[in-house]
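As annotated by Swiss-Prot, Zn(2+) binding site applies to Cys74, Cys76, Cys89, Cys92, with the evidence given as sequence analysis. The Mg(2+) binding site annotation in Swiss-Prot covers Asp471, Asp473, Asp475 and rests on sequence analysis.
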Amino acid sequence: MTNSNLRTENHFDYVKIKLASPERVMEWGQRTLPNGQVVGEVTKPETINYRTLKPEMDGLFCEKIFGPSKDWECHCGKYKRVRHRGIVCERCGVEVTESRVRRHRMGFIKLAAPVSHVWYLKGIPSYVAILLDMPLRDVEQIVYFNCYVVLDIGDSKDLKYKQLLTEDEWLEIEDEIYAEDSTIENEPIVGIGAEALKQLLEDLNLKEVAEQLREDIATSKGQKRAKLIKRLRVIDNFIATSASPEWMVLDAIPVIPPDLRPMVQLDGGRFATSDLNDLYRRVINRNNRLARLQEILAPEIIVRNEKRMLQEAVDALIDNGRRGRTVVGANNRPLKSLSDIIEGKQGRFRQNLLGKRVDYSGRSVIVVGPKLKMHQCGLPKEMAIELFQPFVIHRLIRQNIVNNIKAAKKLIQKADDEVMQVLQEVIEGHPILLNRAPTLHRLGIQAFEPKLVAGRAIQLHPLVCPAFNADFDGDQMAVHVPLAIEAQTEARMLMLASNNILSPATGDPIVTPSQDMVLGSYYLTAIQPQAKQPKFGDYSDTYASLEDVLQALEDKRIDLHDWVWVRFSGEIEDDDELQKPLKSETLKDGTRIEEWTYRRDRLDEDGSLISRYILTTVGRVVMNHTIIDAVAATS
């Protein structure tokens, strides 16, 4: 983080996500008050007092830990108003500050026994299992108190390090160790639960294991080699991030700020609360009960059962339903855990951070715009007037059409011709960005020149559809207006659709006709079997130029699939080039007429072409005329 800027906001170079140590977790939530008291640990499961409706001290909404629930007011009411800013009340210990600190101040729960982090234990792949080089099933047996694991073999010759033992097997070994005739001096050490897992992870020397793995990889092959590489990769990542494997076992749990898991009073006096509060409450209750059982030296079986329950409560808090039975609330609805809040389409990242609403943007259904140029898109007038409103207001005032913003807005609401004229001037040369989710590659966002259209749908050129993976069956697209002149320049130079013809991934053309265009081209050039071919000289079906055919089509004197004779002087390709004409006739003036299947040529005495009529369909005339025009425009 750079410290060069002395303003209130901090400028970050990057955000790094890595494992947090137990000390770091406690550091997040711990604060030392001016009187020397350290606060931050949440020890009580209570939320608010049902009589006073104020947060309970040391509870999940504690004002001493998280800050006051009312601006500039302590819990007991001794200090009120902003003039007491920064004072810590000597009676209740609450700092007099703004209530918004409750959105970022954290707390923590110090656990009476370590618990495994369910993401690293039950994730795919399981990092704990990979690091320990043990099957996931065996690691689970240890964590959930089904099996003991050997941590130190001592003098025993029958045991192996990391060997799993059932309750009965361990009892037998214990009997041998403590028998009168036993020769074992160094007793083997076994463990169970997350404490044993933590011990196994602490025993790992990552650098030595990595060195050994590199030697083994050099001499192994196949499935075994792939497994070793997988383990080495995980170990190298731990070394690179300076994280210790035992941090995957939690000694303290962070408690997120109370305003991010609120409790709201409803009209009937009842309360609606975030599911996280219920999950935190389960953890605190079980943690306190475990601490009490350890204090009174309760039997091992009871303590172990409570530790397992604590492990399950923490699992449910972090990722409810990942392992074991899903914790449900009222009306059998699964409670939303921290993972549920973060992950998925409706999660914090995709919904609230990446997908947040922005100014100067809109969204609408897309329809095909066949008359558009490739770099253009049809923008509905209603949408354009809203997106470009500040620009329109500025221009209306500058042109002295109105005197102030209020008058300009009234004029815009009427949407008369004057406003539309100004809007047309504003959007001229101002590119807009179109984006279709999901944006899987850079061509998912492209720039276009807007053209005002009637209706409420955005019109899109059919050739750019493959880049967006869009079709016209109800897809929606978002519109964004680049504001800065640099952004507009970048959009025009780099992002314009006509500049993005090749795929950045493969280099192949991405602007290819597909779907409607292929079908349309086929329909346009298709021949109807039952259509009658006219004889040459039939006045009603003979035309002097391609333009005459198009004019006749526009006047609805002919249809797309009608056969016509049309005079054409350009190059043609024909299937019967190598064959002889069907009929050849020399006229009195020395010119020769040649009749072929689909054309009729008139040649002079030297064999040079005087005129040519071709037999074709109206649709093919439309197709060829369009292509000839396009080629002429680019050359």
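Heads up, the Cβ atoms here are built off N, Cα and C, so glycines get one too.
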Return the single residue from the binding-site residues list (Asp471, Asp473, Asp475) that has the minimum number of other CB atoms within 10 Å.
Asp473
Of the binding-site residues listed here (Cys74, Cys89, Cys92), which is spatially closest to Asp475 (Mg(2+) binding site) when Cα positions are compared?
Cys74
Not counting Asp471, Asp473, Asp475, residues with a CB within 8 A of the CB centroid of the Mg(2+) site are Ile366, Ala470, Phe472, Gly474
Here the Cα-Cα span from Asp471 (Mg(2+) binding site) to Cys92 (Zn(2+) binding site), rounded to a whole number of angstrom, reaches 63
Please give me the CB contact count at 10 A for Cys92 (Zn(2+) binding site), counting all chains in the structure.
16
Other C-beta atoms that fall within 10 angstroms of the C-beta of Cys89 (Zn(2+) binding site)
22
Judged by other C-beta atoms within 10 Å of its C-beta, the most isolated of the binding-site residues Cys74, Cys76 is Cys76
